[in-house]
Amino acid sequence: MSGYQGGHHDQYDQGYGQAGHGDGYYQDDQYYDQGHGDHAAQGDHAAQGDHGAQGTQGDGYYDESGYYHADANNPYHQDGGYYDGHDQYQDDYYNNNQGYYDGEYNQGYAQGGRHPSEEESETFSDFTMRSDMARAAEMDYYGRGDEQYNGYGEGGRGYRPPSSQLSYGGNRSSGASTPNYGMEYGNGLASQRSKEPYPAWTSDAQIPLSKEEIEDIFLDLTSKFGFQRDSMRNMYDHLMTLLDSRASRMTPNQALLSLHADYIGGDNANYRKWYFAAHLDLDDAVGFANASTKNRKRKAKKGKKKGGEAGNEAETLQELEGDDSLEAAEYRWKTRMNRMSQYDRVRQIALYLLCWGEANQVRFMPECLCFIFKCADDYLNSPACQALVEPVEEFTFLNNVITPLYQYCRDQGYEILNGVYVRRERDHKHIIGYDDCNQLFWYPEGIERIVLEDKSKLVDLPPAERYLKLKEVNWKKCFFKTYKESRSWFHLLLNFNRIWVIHLTMFWFYTSHNAPSLITYQYEQQKDNQPPASKQFSIVGFGGAIASLIQIFATLAEWVYVPRRWAGAQHLTKRLLFLIVILVLNVAPGVKVFMFHGNKDGKDADQKNKDTPIDKAIGIVHFVIAVFTFLFFSVMPLGGLLGSYLTKKSRRYVASQTFTASYPRLTGNDMAMSFGLWLTVFGAKFGESYVYLTLSFRDPIRYLSIMKIDCLGDAMFGSTAATQQILCKHQPTIVLILMTFTDLIFFFLDTYLFYVILNTVFSIARSFYIGSSIWTPWRNIFSRLPKRIYSKVLATTDMEIKYKPKVLISQVWNAIVISMYREHLLAIDHVQKLLYHQVPSEQEGKRTLRAPTFFVSQEDHSFKTEFFPSHSEAERRISFFAQSLSTPIPEPVPVDNMPTFTVMIPHYSEKILLSLREIIREDEPYSRVTLLEYLKQLHPHEWECFVKDTKILADETAQMNGEPEKSEKDTAKSKIDDLPFYCIGFKSSAPEYTLRTRIWASLRSQTLYRTVSGFMNYSRAIKLLYRVENPEVVQMFGGNSEKLERELERMARRKFKLVVSMQRYSKFKKEEMENAEFLLRAYPDLQIAYLDEEPPLAEGEEPRLYSALIDGHSELMENGMRRPKFRVQLSGNPVLGDGKSDNQNHAIIFYRGEYIQLIDANQDNYLEECLKIRSVLAEFEEMKPDNHSPYTPGVKNDVHTPVAILGAREYIFSENIGILGDVAAGKEQTFGTLFARTMAQVGGKLHYGHPDFLNGIFMTTRGGVSKAQKGLHLNEDIFAGMNALVRGGRIKHCEYYQCGKGRDLGFGSILNFTTKIGTGMGEQWLSREYYYLGTQLPLDRFLSFYYAHAGFHVNNMFIMLSVQSFMLTLMSIGALRHETIRCDYNPQKPITDPLYPTKCSNTDELMGWVYRCIISIFFVFFISFVPLIVQELTERGVWRAALRFIKQFCSLSPFFEVFVCQIYANSVQSDLAFGGARYIGTGRGFATARIPFGVLYSRFAGQSIYFGARLLMMLLFATSTAWQPALTYFWIVLLGLIISPFLYNPHQFAWTDFFIDYRDFLRWLSRGNSRAHASSWIMFCRLSRTRITGYKRKVMGDASAKMSADVPRAAVANIFLTEILTPLLLAATTTVAYLFVNAQTGVTDNDKNSSSSPGFKIGPSGALIRLAVVAFAPIGINAGVLAAMFGMACCMGPVLNMCCKKFGPVLAGIAHGAAAVFMIIFFEVMYVLEGFNFARALAGIIAAMCIQRFIFKLIVSLALTREFKTDQSNIAFWNGKWYSMGWHSVSQPAREFLCKITELSMFSADFILGHWILFMMAPLILIPQIDKIHSMMLFWLLPSRQIRPPIYSMKQSKLRRRRVIRFAILYFVLFIIFLALVVAPGVIGKKFLGDTIFKALDNGNGGPANLHLLQPWGLDNNNTEGKTETGTKAGGADASATDASKLRLF
């Protein structure tokens, strides 16, 4: 250290006057020439102080070869120098001894006279800071006032940031903010360029500390704390890059000050916020023990002067003594920060960075890190630390402070089993995760919990002594859960309580108002008598009680989820009492009105329906209270009820406010738009819902409430008629309940519908407003493009030498065109037409530039193919570039002043570069095409360009090798010779040719090479811009292009870094390693961060892991690896979560600069987009330095909320690959662009990963760029967005910049992605972030947040719930319609007209309701297309939009939409119930392979196929009982749920493949019973069971044990809800409908004679017994068969197995086959017992199926113990070898017997259902050429360009043909049998078998044992009385038809 021991900084304050450092404080002769100030003594040349032994040339940082001197005094001597010879940090260009840097580096300054003031010059810009502003009141705003230099401002000259760019003019002062280094062109000093690694931080730039001094600080801290050497070097470089980046656009003093403000002391610094939140100001003042933390006020006690003058600081501080308010604390803080020297500021930042750089997982806990830093800082300033002489051992900090915390976090999720870490079977609510640990440090009560091993508290020690005691802390005693992420649906109630309040209450208001017939005493239809007004008001008023109940339940849920012991938990008792009072207020008036009504003792109905004035008044008051309750609870966040975080008075909850509720406020237009959006959404919704849903529901309510059913009931319900008829009499009520529930769901769906529509409208309006739409300035997008390039892409204001704009534009435009040519997007003739050309000018000897006609001619026709192929990638890119420049874009700053940024790409095992084998060989066994063939079909034009290019290259090579020119004759031959080029892209197998083909294919697939090459365009863009904007640089190097290129590279390297985090790099296989090496050679500046592993030092310890960094300049070592530049040891394996976030976290320490762009390994970028980078970074609003010090005490700074994340657009480059790619692309397009546009405006956008830019300091000081708890943070990036939002960061969206992004293209991989998103959303609902946002955001922001994220998934669940509840309702309505006599109903007549025939049931009105429901569901699904069509319209025009829509429809995408909706809904539901959310690696390849039927079936059966099949049977019943044409749409929806996976399977309907696949399916069903088979039905069955049972933990080391990750057993409450209650409700509803169909409604004694059975006795039927027989008999029979098989297996198995290997499978086959046969038999039995009535039989089958499902769910949920991971018990059951299972052979047989009972029935179901699905495809496979049509639909390839069928050998072909014939015969035979079983009984049963069966089963007394097994048939069910008049028949009643009955949509 340079003399700073003991903290004496006088030398520092005197201008760094240490001996040996001759540089004065400021040495910039440009500002201080001889005429000004006393500093002229430094003469024309700045003093070349002698820096110790470090040489006298330059600053002595690097010697001539660019290396740091490794001398004996250097503490790094043993390491071989700062950047030792091998691992040189600067690039190799500095080491090539070509005389580039050999000349003496002389810091000569311009020898000219004084320079004109910058403020007078024309280039005075916002970046120029006026010096008189800087020295207001003789106080330096950038640190302390330097008394010595107070007079330096007289010249009135502003300060321009220095820069790396030298100015090469003599006497000049304008320029791109550059000091003058004064080399005239003729000086011959061109080679003496700055060797500075950090050019803006050099001694010429008035820097407060030189980089050597900063390095000394790092060395000193490292020796005092024991940080790692490599980590220190890494963090030193990190800090210097930050200072260099900031100092390139502001003064170095400002740069350092702003950096310190961002990290430590400013208003937005997380450390400062934490310091006050955790009351550490009090701890520092009086100690926690003496501070009463309970009732601190925020405000100062005495009214303070708002801002003391600087001089009064001491006085003000004295006044504030003893005042512990927040204001006083903040004043003291600012004073302390203001007095701090720049040296101390650097030291604090350095200490923070060193702690952060080694913090590993602790980086996920930002406040824990703040605490560690605070302890370290207190220790650093203590005398004990300053007195240290011996350096502390390396790794001390890591081992003592970080590792114990790391181990605690790891042990929460993992335990050691047999020496290996195994995941614990714990769910989130039992894991103390990163957030729980972090929240310990939010409150003083938490910090007080930190105890040492000796049980003393850490806070009892003085602050300076705490750091050394951290190693003794017993962390296990400190941490506890601060929020329980239990799997429960109540999270939705708590987090989104306002959604439920708004919808349920409004629904109640609407529906209760429209149900007068339910509350009228003795309602009569022909009178239409109304209830008293009091009751009408009061019934509506009960809505307030619903709102209050929701709030009460939400509060109780909060009680459960937020442990009371956490200091941040709100006090809920007061709130609960308040809510109970509100509930009583909302119920009491209604109780009076309904139970103690004034006229309740009236004589007749009319009297009782009259009102008293008091009742009426009470009713109105009740209604008014309800409305106010509703409004209050809708608007008020739950967290804001009665004293909470949201009250600003007390300091009690500052932490929760700071870290969970610091939302950036919306202002101005944004706020207006937010309110406007939600007012229009809910205005439209409430209007439409009232008219369409509720008003039209009025008539069904009326008719169902008066419907009377005469039925005989069921004999099983008792002996009296009343009990027997109990269910069937109430069928109308049951239907009404079901209809109301369905209506309620539609009420929710409506809102989302309007949100989508209006969001789209607002978004489009905004796109017109900013000009990003194709329609806005359409006429001049291209003609103005050159001008826009000049004004928006180039920073020309500061240019030294003024050129004509055309010269500059032409360079940029030509570069873009040539880059497209190089990527083979344009052919050479296109390029010629697009380039600017030099042509001879009219003036003699001069040349001029001719612009391409493209810019003009584009206006005549929208696109001409003469410039580029239509619909090509080139056209898309150029038109987006042109369009984007027509939008408002921030002005770019010169390259020199732009901030440094890093692109970060996490990589796990994604393809780096495709191998030749992958490209030209059919890899998939089921694929029909090579990848190259497929790519050639997709990009024909680009392939042609590539081939031409390759041929030119080959010809050139041939000529160079001296081959003769070709003659005429050869030309014909060469065409044949060229075939290989067109076929595979090369003729010679030399690596340079094959590599070209590999690269071409890789650049069109989803590979890391594509991503890296795309994002390396930033480097090209920076070089291009620097060259174009600084022509003097080009002139200076004259013709030496090599040196010029180096200079440009230096600039690019300084401003941009690309880090790929290759987690597995050190474990790569040979091929992967070669590919990575190829990347490094192609892009030497690419940096790769990876995990390096070393064996443990001692036996039994853990291996040591390191974060290492290499780049293309790193030296290759003997083992083939490269020598890392930095290698930082970690506490252990950093991958504790799902992987991606841990991967990002370990590499984050290697990011450089101010911003990070996070990129996935399947993205792409383009040169023209990279040119806009300066404007994109300007969106962070940090380009212009703030001229006020953040540390002036008493001055309130305007705290502007920092921009944390900037989202960008994505273009999905897989959109032209076929229907699925297009649908996926469309989804992303609308979500990522259309909705992001409005959501960012109204503050509802979060962070979705991909091309988003992050504010580095903001995010890294708040927990990093993603969260990482396993499972919980599955969608890791969105949590970073929520974290940024709740902590006060803004999230913006950038409209004019877009990256490419790949999306998965196969059906399976798209649905994997869907499942991942769905389960991830389930996890988000459990998370604390959702709780904070849901209970604290203001209403408009809350709605934006909800509908943009959770609402989408809730809506999907509601859609599927609505489909299911609608089908159940429809089944009940069908039953009602089937059994009752319809009325002659005319909706146009008055409702008081009598309905005929008398006693009829008006079910026609119900059919109107059914029609409206179908229309609603149609719109709900259709709406998903609207945003995409509108987006296409605005961005690409009418024709393209229409084309895309037609293509999607013809490709049957509506089927796919329905299916995806179900997958979303299912994955969210199953995650909330069972957990198991995990990262699913989604496929990156092309889906051209056919997937076997069995695989598809097993993948989607549980998620969708079973669900669809159940509903389809209900729909079949509805079709046969309540048909109307609109039901056709439902057939489409439900078929979509079943057949989508097969419909989107490539070549599914190819004749041969179909039958080969059928054979596979039969094998899949039967295998796995003799030895374990991963792809078998039994494995699928067991796997679907395990999510309920869980696995046994004991590992038996069997191969079949690896079938799945550990699945924890689901919670009992969740199992009850999803596995027991839901199936029970389903079984009950279907059973009720079945019983009603059999209840003999309207049967009278007159029917005796009409019965087809003589001797028939009228009476209740035995439908329940019939149902029980059909439901339970198959189970009983299966159990019997199994018992017999089990006996045989045990007795004969062990013996027979020796000779008959197939004994087990044969037994299994017999049992399974018998089960399937019995199931079919009992279907027929039901048919017979129902008298061959199809509808009744079907109702019975549906009910029996639901009952069986319920029984099996009960067995699996309650009776089964955990599953073995191996398949042993299943195999043992069939072959009898139980002895191999040890002790388990006692318990397992019984368990396995229960399993087998369920399995047999499930097998039968799968066998029958699988066959029916295959039979559905029969009509399709018979269509000729179906495969071609199907492929056109899937891949959008014309028949001429389609993929050829695979080629088989003769032997294979014969074998396939034989198999096809065999299995085709089997298929069609089974098809005929199945059809016969369904159709025959209905056709011939009644005719031939009727009487025989009747006599056999029913001898006139109800059959055997009087069971009434047979349903009577032939009865006419008609007890109506024609036109007999009934009731009052109020003649001439003037009641008109209600509005509702007139409602028809079409």
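For all residues, glycine too, the Cβ spot is worked out from N, Cα and C.
What Swiss-Prot lists as compositional bias 'Low complexity' is 24-34 (among others).
Annotated compositional bias 'Low complexity' per Swiss-Prot: 43-60 (among others), in sequence order.
The annotation compositional bias 'Low complexity' is assigned in Swiss-Prot to 91-109 (among others).
Among the features that Swiss-Prot reports, compositional bias 'Polar residues' is placed at 165-180.
Look at Swiss-Prot and you will find 1925-1940 (among others) tagged as compositional bias 'Low complexity'.
Here Swiss-Prot flags N171 (among others) as N-linked glycosylation site.
Summarising the annotation, Swiss-Prot assigns N-linked glycosylation site to N290 (among others) and lists sequence analysis as the type of evidence.
Listed in sequence order, S819, N1165, Y1166, L1167, E1169, C1170 are the same-chain residues at least 6 apart in sequence whose CB falls under 8 Å from the CB of N1017 (N-linked glycosylation site). Marked as N-linked glycosylation site by Swiss-Prot on the basis of sequence analysis: N1017 (among others).
As annotated by Swiss-Prot, N-linked glycosylation site applies to N1312 (among others), with the evidence given as sequence analysis. Secondary structure at N1312 (N-linked glycosylation site), as computed by DSSP, is helix.
Per Swiss-Prot, N-linked glycosylation site is recorded for N1649 (among others).
Annotated N-linked glycosylation site per Swiss-Prot: N1918 (among others), in sequence order, evidence recorded as sequence analysis. In the three-state DSSP scheme, N1918 (N-linked glycosylation site) is classed as coil.
If you look up Swiss-Prot, you'll see 1-127 (among others) marked as region 'Disordered'.
For 152-198 (among others), the entry in Swiss-Prot reads region 'Disordered'.
What Swiss-Prot lists as region 'Disordered' is 297-316 (among others).
Residues or ranges marked as region 'Disordered' by Swiss-Prot: 1920-1946 (among others).
What Swiss-Prot lists as transmembrane segment is 576-596 (among others), and the listing cites sequence analysis.
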Tell me if the transmembrane segment (1803-1823) touches the transmembrane segment (1413-1433). I count contact as 3 or more CB pairs below 8 A, with pairs 6 or more residues apart.
no
Same-chain Cβ contacts of the transmembrane segment (576-596) under 8 Å, 6 or more residues past its ends?
534-535, 538-539, 541-542, 544-545, 547-549, 551-552, 555-556, 615, 618-619, 621-622, 625-626, 629, 641-642
The transmembrane segment (734-754) versus listed stretches 1356-1376, 1523-1543, 1703-1723: most Cβ pairs under 8 Å:
1356-1376
Sorry to bug you, but what's the C-alpha spacing from N1312 (N-linked glycosylation site) to N1918 (N-linked glycosylation site), rounded to the closest Å?
55
Restricting to the same chain and to residues at least six past its boundaries, which positions have a Cβ under 8 Å from a Cβ of the transmembrane segment (1356-1376)?
731-732, 734-735, 738-739, 741-742, 745-746, 748-749, 1401, 1403, 1406-1407, 1410, 1413, 1416-1417, 1420-1421, 1461-1462, 1464-1466, 1468-1469, 1507, 1511, 1514-1515, 1517-1518, 1520-1522, 1533-1534, 1626, 1629-1630, 1632-1634, 1636-1637, 1735, 1739, 1742
Coarse DSSP state, helix versus strand versus coil, of N1017 (N-linked glycosylation site):
helix
Neighbour count (Cβ, 10 Å) for N1918 (N-linked glycosylation site):
18
Tell me if the transmembrane segment (1803-1823) touches the transmembrane segment (1703-1723). I count contact as 3 or more CB pairs below 8 A, with pairs 6 or more residues apart.
yes
Other C-beta atoms that fall within 10 angstroms of the C-beta of N1312 (N-linked glycosylation site):
18
